[in-house]
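K.L.:
Below is a structure I'd like to ask you about.
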Amino acid sequence: MDSSANINKALTETRFSDLEPPLSGDIIEALNQSDFEFCTPVQAATIPLLCSYKDVAVDAATGSGKTLAFVVPLVEILRRSTSFPPKPHQVMGVIISPTRELSTQIYNVAQPFVSTLANVNSVLLVGGREVKADMKIIEEEGCNVLIGTPGRLSDIMERMEILDFRNLEILILDEADRLLEMGFQRQVNYIISRLPKQRRTGLFSATQTEGVEELAKAGLRNPVRVEVRAKSKSESSQQLTNSKTPSGLHLEYMECEADKKSSQLVDLLIKNSDKKLIVFFMTCASVDYWGLVLSKIPALKSISLIPIHGDMKQNARDKALASFTKASSGALLCTDVAARGLDIPGIDYVVQYDPPQDPNMFNHRAGRTARLGRQGRAIVFLLPKEEAYVEFMRIRRVPLEERKCSEDASDVIPIIRSAAMKDRAVMEKGLKAFVSFVRAYKEHHCSFIFRWKDLEIGKLAMGYGLLYLPSMSEVKQHRLSSEGFTPVEGVKFEEIKFKDKYREKQRQQNLQVRKEKRQEEKKEKGKRKRVDASASNDPKKASRKLTGKQRQTIQTAEDEEVMDRDYKLMIKVKKGLIKEDEYERLTGDDDLF
């Protein structure tokens with residue numbers, strides 16, 4: 001079946017050329033060149049409203065084509081503006097989104113349409129690069145459409161008085177719920193305060209929280225609410241009409257022990273080697289570790305494994321994202337940095353190796369596939385004691401179908417451990433990933449399901465392929481189960497070397513420095529002991545060598561000892577064991593009289 005025809009049929013039969021008020025010829029041509037003929041439901045509902053100068057609050061499923069739903073009307077509104085064409089530093093449109101990646105994506109989508117406007121320049125403003133570089137571009141080239149993250153946008157607006165917002169036509173707040181969740185309310189409020197009230201505003205959000213409602217009240221004027229829901233056949237039969245999962249998405253869960261998870265993941269990657277997957281982990285350290293160790297498994301050598309997370313430098317994230325976007329197959333290993341907003345084409349499978357801390361992120365993760373009417377699959381790995389999550393998600397109108405563990409999955413733990421014994425980088429990253437996961441698990445929003453005290457760290461450590469269990473205060477204090485872990489025998493872990501010769505050289509130098517420091521401390525300790533021994537024979541000399549605080553501490557201890565002795569003697573007097581004159585002699589009280 002022709003995929004494009006299937007997409008169009010699954011979404012809507014409304015063409016962009018059929019919309020009212022009609023779109024300009026330049027926009028229709030730009031849409032056709034990008035193979036956009038038919039609208040998605042959110043596009044068909046939203047574009048006419050914004051083009052009719054209405055404020056909109058849009059609540060749509062993830063993967064619904066929201067970007068074009070505001071980019072197209074933004075360009076149309078600018079074209080029809082009385083201020084068109086604008087002066088070089090006259091800002092007519094602002095688009096705010098929560099992450100650098102999403103802002104970059106919006107900018108790239110918008111470029112073909114903005115370029116249809118003569119003398120209009122759009123500028124991308126995100127963190128990760130020098131703010132002075134952005135200021136120089138704006139000063140020299142001008143800017144009429146600002147697209148970026150709240151932090152960098154507000155920073156530029158505060159610094160550059162040259163920017164003129166008096167004739168601004170339209171403001172777009174994309175992923176508004178995420179903007180608030182990430183703590184950008186102050187910056188968003190500042191940006192809105194700098195803009196004229198006589199403008200069009202579009203607020204796009206996957207969830208309608210109280211914060212989003214408040215933002216809508218403050219930033220929108222009599223908005224039209226647009227709600228677009230995707231509904232699958234299985235959901236219809238269960239009357240789950242409010243589900244936000246895309247209609248072509250097949251959701252599954254796999255229940256397996258912690259020491260079997262890594263083997264099941266490798267088996268899944270092998271069986272889908274010709275597909276494009278996203279694998280979600282809970283922490284940045286986990287992404288780093290699995291990105292390194294999975295590449296050591298011979299059966300995965302032919303599969304492109306690309307890690308990306310929020311702690312990576314911006315240019316590294318951009319490079320990784322571009323590489324995966326261009327690839328026809330492979331796996332993107334990531335944290336929730338890629339769970340929302342990133343519209344990576346052609347994702348076939350989403351794997352949630354670790355369930356998200358925030359259950360609201362589940363759909364955003366799974367929604368990276370089955371976008372724009374395509375078919376897709378998503379699976380979440382669960383431990384046996386986490387099975388209640390299935391019922392929890394069903395109540396939230398996200399039904400999960402069970403998938404059994406693969407019986408022919410090869411045990412990869414020996415391979416992982418072998419890699420750790422050959423390269424200290426693997427061993428150390430594994431320990432760091434394990435510790436970060438255990439601590440992150442404690443912060444689960446659904447702690448009644450993901451019970452930290454029930455975490456079997458022995459099996460978990462085996463699943464990570466650790467050589468030994470790290471010393472953790474959390475483990476010692478709460479006695480988490482270490483059953484199921486088999487430590488590696490006959491290996492001196494301190495002697496495992498880095499494969500990277502430079503890192504190993506640095507390690508050896510650091511070891512030598514620490515060794516010399518310990519020897520020096522040992523010498524100093526010996527000197528102190530000799531001094532203390534000498535001082536003990538000469539109390540006055542010892543007293544002179546002590547600081548005031550040390551003398552006070554010693555005096556307090558001596559006083560407490562005397563008080564304790566006197567109290568015990570007093571008890572003996574009361575019991576008639578000794579006479580009062582004996583008490584006075586022993587305590588020295590008779591010296592006072």
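Every residue gets a Cβ built from N, Cα and C, even glycine.
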K.L.:
Can you dig out which of the ranges 174-177, 230-233, 546-549 Swiss-Prot describes as motif 'DEAD box'?
P.N.:
174-177
K.L.:
Choose the correct range: of 16-44, 306-334, 364-392, 451-479, which one does Swiss-Prot annotate as motif 'Q motif'? Give that range.
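P.N.:
Residues 16-44 are the ones Swiss-Prot records as motif 'Q motif'.
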K.L.:
Counting Cβ neighbours within 10 Å across all chains shown, tell me which of the binding-site residues S64, T67 comes out on top.
P.N.:
S64
K.L.:
Across the domain 'Helicase ATP-binding' (47-226), what does the mean pLDDT come to, as a whole number?
P.N.:
93
K.L.:
At 10 angstroms around each C-beta, which of the binding-site residues A60, G65, K66 has the fewest other C-beta atoms nearby?
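P.N.:
Least crowded of the binding-site residues A60, G65, K66, by Cβ count within 10 Å, is G65.
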K.L.:
Using DSSP, how many residues of the domain 'Helicase C-terminal' (264-411) fall into helix, strand and coil, respectively?
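P.N.:
Counts, helix then strand then coil: 60 helix, 27 strand, 61 coil.
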